[in-house]
Amino acid sequence: MAINDKQTFTIKPKLKPTTKKSSSTPEQKYWKSFKSKEPQPLISSITSLAFSPTSPHDFAATHSATVTIFSSQTLQPKSTISAFKDTATSGCFRSDGLLLAAGSLSGLIQIFDVKKRAPLRKLSGHTRPVHFVTYPRVDKLHLFSGGDDSVVKYWEVWSGTHRSFTGHKDYVRCGDGSPVNDHMFVSGSYDHTVKFWDVRESSNSSALVLSVDHGAPVEDVVYLPSGGLVASAGGNSVKIWDVIGGGKLLHSMECHNKTVTKLCVAKIGDDGRNGDFGNQFRIMSVSLDGYLKVFDYSRLKVTSSIRYPKSLMSVAFSPDGSTRVVGSSNGDLYAGKRKTSENAESVKSEWGKYVGFGAIDEPEKRVLRPSYFRYFHRGQSEKPSKGDYIITRPKKVKLAEHDKLLKKFHHKEALVAALTAKNPENVVAVMEELVSRKKLLKCVSNLGTDELGLLLSFLQKYSTMPRYANVLIVLAKKVVENRVEDISGSEELKGYVRNLKRSVAEEIRIQESLQEIQGMISPLLKIAGRR
Amino acid sequence: MRIYKTRIDDTLNPSPLLLKNRDTTPHHSDTTPPLTNNFGSGSPLQHQPVIEMIRGGKSFVSSPPAFSNDAKKLLVCTGNTVSVFSTDTGLQVADLEGHTALVTSVIVVPSSTPANALLCYCWTTSLDGTIRYWDFSVSELIKTVDIQLPVYSMVIPSFLDRQSENSETQPDTYAYISVEDTKTEQNKQRNLRGQIRKCNLSKSRLVRGAILSETKKPEKITISSNGKYFGVHEKRKIRVWEVPTKDGKNISHRNIKLTHTKNLSCIAFHPTDRIVAAGDATGRILVWRGFGDKTFADKDLENEKVSKDEDDKPGVRGEGDADSCTTWHWHSSEVKVLYFSSDGAYLFSGGKEGVLVGWQLDTGKKKFLPRIGTPLLSFTSSPDSSLSSISCADNRIHILKMPRMEILKSISGIKLPTPVPDMFRGSCNDFVFDRTAGLVAVRTENYCIQFYSLFDDREISEVQVCERNHQPSDDVTMILNLVALSFDGSVMCTVETRMAEEGIGGFVTLKFWDRRSQNNDYNLSTIIYEPHRDAGVSAVAFHPTRCMAASASYGGDFKVWVSNHDIQPNDKLIQRTRWACHAVGSYQKKPMTAAAFSNDGSVLAVAAETVVTLWDPEKNVLVAVIGSTREPIGNLSFIGDSGFLASASHGANPQLSVWDMSKLSVSWSYKLHVEAIASSDKDSHFAVLVLLPEPSNAEVATSHNADGAILLFNAGEPVAVASWFVTKAKGGGLAFIQSRSLDDNMDENDNPGSGLLAYVNGDHEYAIFNPHGLETQERKVRHTDSVPSLEVTGQSGYASIYGKLPEFKLNAIEASAETVTPSERPWETIFSGPSHSLPPLTKLCSAFLESLLEKRSGDGLVK
């Protein structure tokens, strides 16, 4: 018995089918919240990316024969080091962030001062290209490296001497230092193995602690933060190994379609907005198929998947969890920064520092008198307090032009208004409404030449689209039948009809080829169903 | 609670039905004809079985309602009774029962002074040939005038004529009535059945010889609100009579005729001036000003009037006696409603568009009350013209706050049946029952589904299935075909069809709705466009326990739909259900015409034209095919847990068959035209609604003009357990519903499992009764127990000065100290209220002064 206030119903288009996973999980939202701006075009394939361990966490990208250091605040290049004879690889910051080591395809390892960009040391020892150079996590005096000569080396940087570890049978392309012990490191090679080394052992054979078989050429290997687990990438899979448990395979993640090129460990920043997954670690992997996948290794589940337009070569995630950079094979650098309320605020306060010329006196609050204009607006911008009961103004239904015209029963004008608005869904919805008023054909016969041209171009564009074909194909036929005189009288309309004919012919061709395919598939299906 | 004996009347006739061979020839020769075995074969009236019964679903809009004098009550003609509704709450307060046929008009005796505004007397007329006088405050019949002719309309001029009230001797009350002449034979030949006659209500007789006019059919009389003129419209002319000032024996009634070129549909008189307005079938409103200047003018003035120029009568046709005639045109189709506001400044009109138009009489400017959404039928105003009511064709009365034209309350009856185009006749169900809640879901015209409580006789909610505005057009282009409810009523499925215009557009939409928790509104969960390509859906059936539904189509396939709940863990646990197709099946490409799930849900029966196919709904495997009938099966129903399946087929060879599921063969069948089947969920009883073939050779049936019968069967036996005659069975429906636990006395003396049988006839009137009971007692719907306060207390006008009228009871003196609560400060409320409802200023003045001196209270009158 309630009073029913009837409202006007607007013309609504048919609903589109929605996919089941229409809404993303909070974690997907988190990963999507790294807003990438335009990709930075660098010269060629980005071979490695590395973040500085110290704030403000600048990052270095190696590409072509240069290392470019970017600011993580502005995501713009700060400085460029181009003291390479060949392509630079595997940039790595020292633990204090002051020095940067990088390898190169010439086999030379160089160490630079980040500020001065001058090479401090040149370590030559590898005879073939070096793809793996890394500092231990804390130790400032040593380096690990591996090269295509299948030798892994442990460098004493100050003296330039090194110790070689042999055991790999193919190119060594990757490795990582242990996060818990600066004397332990791991290397991965194209001979499908991941080997664990301990530099404290004197002999080469006892230095090789452990070796596991990945089953494919190993492209990258990283220690997970606990130091007990190692993730290796090779082929299409990422495998997680238990080092303490004697190199047991814990899980194999196979969700990439092409070779996985790089891994990195990402720590989700805990800024209070991330709910229950803050301060957790994820493995990020990039692959030649253009996907960046985020893998939660505690739940053994891929939690997010982001597609990039190019094959990806490298990935890095800043230690404070605010910046994510992805490098692609053609030199595009996708750097994304997460928007946080704090940094927005800090920017603001800084801005205020520059702009403000000291404290400006607040204008005195003057008593409002009826002679002021503001007097008549007083109280209008009052915000409701918490306990207030808010009486909302009845929401006004916004009517589109065609809705207004349909309400007035101006049918032809409504159709023309919908056609000029150029939203095909609305046009078809208006047509359906006209059909249910039995007025569509009358409208068609009333259209002027220009309006008819509008309708014909619409029909040409959309009548072969499966969503609208049901209505539009029959309508196109009727339009051509009913308005044949007008069409033959105008050159422009003839052109539209010619286009329409062409698109219909095209569609027929497509349908025929689809039928051929169906004819091929259906016997196969039948056979498959019989089994 | 009052208990009444059932009369033999038109909705449901509880006399035993003797089915003999002539009517229902069993086409299986080995079965015996059904005989009512529990009532014996005695005379129907001797063994009148008495069954407790609830009825309802009356039409509220068959005739215009009337306001009581204080505008707190609205008297609505509902079938054979007059229902009194409170205008404050919109709920029913009382019932006037007594007429034995349709009540056609109700007139409230007006109060001449504000003092007796609480008088609650009214006159009613009915097709049973009586005019009755009631006190509707206590629902008491005071007087009956039997004139033995069906009365279609009545007006009482003296009620409206204020001058005549002042005379001391109460003159006789005369009424003008429109009757159907059923007596004189000669009128039948002349084909003039309607008469307008004069009736002396005080002396309870017709005034002899006073037949004012004869028309082809009885017309509705309209009277001016000053009681001076009344008129009728007949085809293309209006006849207006002047009410004679002195009522004597041989008074001639002067009348004039005004003509028009189109059929007229309604007329209205101006309250003060000689203006009459009429609406015609094309939507024009004609306003004649100064009608009857020549005919009705007083004798002495006549000469002056005649001297006026006779030729200058703009717009007036022929010999019409009027000064001028103007035409207004806004309505696009027939004008149904015309009404002058009480001050005569506005003319209200309405019609099929569902828009109330208020015309400013002097300027012709319009204001609108749009989006009522259904054709308007009548408009009435309360005596103080602060409220008015519009009756709408969808059985709803809106109460309007008047100068603003704003809907205050709506009184909704059950929605009336909507016309269905022929092509959809087979695939439409008008209503479905929610068995557990005792609701019926009725399809309405505006693509809505109304949920109506059978026990409370009240609308529960309305669901807008298709968001489309009301379009006033004749041809149906879009129709809500099917409604189905799941067994617990939590899921609803609707099918709507848009018709194509010369092959363009047109599609079928299947929608699933789910009900959140216990509030009664359904939310749309899934829309499926064109569920069976372009073929129409013939039936939808729900699985009894699981979230599963089956839809059968004429296109030769059926689909099983399942819902999967996906609970989203992030925000507030929003639970969404989606329905997706689970399986598709077809049988020899035959059109599927009906579908039903068995009571445990293990078998899905789908009728493929003349055979019944049985499927496993989970695995979508054809289990068995049974039988064949002569005509396509239109209705399938599993009978409880008994392992029987009932099927009904229509057409030239209608058939009711009961199939034995264990033997996969027909158990028994009759050649009956079955309109509906209802089976109880527990035991093996089922009831069928049968259309009686031909009333021509009937000995029993025609006396009650019943055209249908309800037969109650036990599935195993082909002999009917019980039977009832019913009227308007075409388009009716049946269902077993669970009785309410509140109605403990309802089923205390019978087996509790069986539940009640609800019957809804083609006009959506319904009756609920216990099919197994032996005693019938009609029971009124208990309105009062669910309605806490029907009257709103508030004092204005009279009551603010004098306090409430004291109740003259014996114990009034003892209780008087508490009963009356005059307002503490009467000078504040004394002048509140509309000016026309206040007492005259002279009275107010003295009362005001007195109120300043001392407190006066109503109990002083008693002491």
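Heads up, the Cβ atoms here are built off N, Cα and C, so glycines get one too.
Note that TrEMBL annotation is computational and uncurated.
Lifted from TrEMBL, the feature list:
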type: COMPBIAS; residues: A:1-10; note: compositional bias 'Polar residues'
type: DOMAIN; residues: A:382-524; note: domain 'U3 small nucleolar RNA-associated protein 15 C-terminal'
type: REGION; residues: A:1-31; note: region 'Disordered'
type: REPEAT; residues: A:123-157; note: repeat 'WD'
type: REPEAT; residues: A:165-207; note: repeat 'WD'
For this session: Quickly jot the same-chain residues contacting the repeat 'WD' (A:123-157) by Cβ under 8 Å, restricted to those at least six beyond its ends, or write none.
Result: 47, 86, 89-96, 99, 101-111, 163-179, 182-183, 185, 187, 189, 191, 195, 197, 199
Exercise. With DSSP helix as H/G/I and strand as E/B, how many residues of the domain 'U3 small nucleolar RNA-associated protein 15 C-terminal' (A:382-524) fall in helix, strand and coil?
Worked result: 109 helix, 0 strand, 34 coil
Problem set entry | Helix-strand-coil residue split for the repeat 'WD' (A:123-157), DSSP-based | 0 helix, 19 strand, 16 coil
Seminar exercise, completed: The predicted model's mean pLDDT over the repeat 'WD' (A:123-157) is 87
Exercise. Which residue counts does DSSP yield for the repeat 'WD' (A:165-207) in the helix, strand and coil classes, in that order?
Worked result: 4 helix, 20 strand, 19 coil
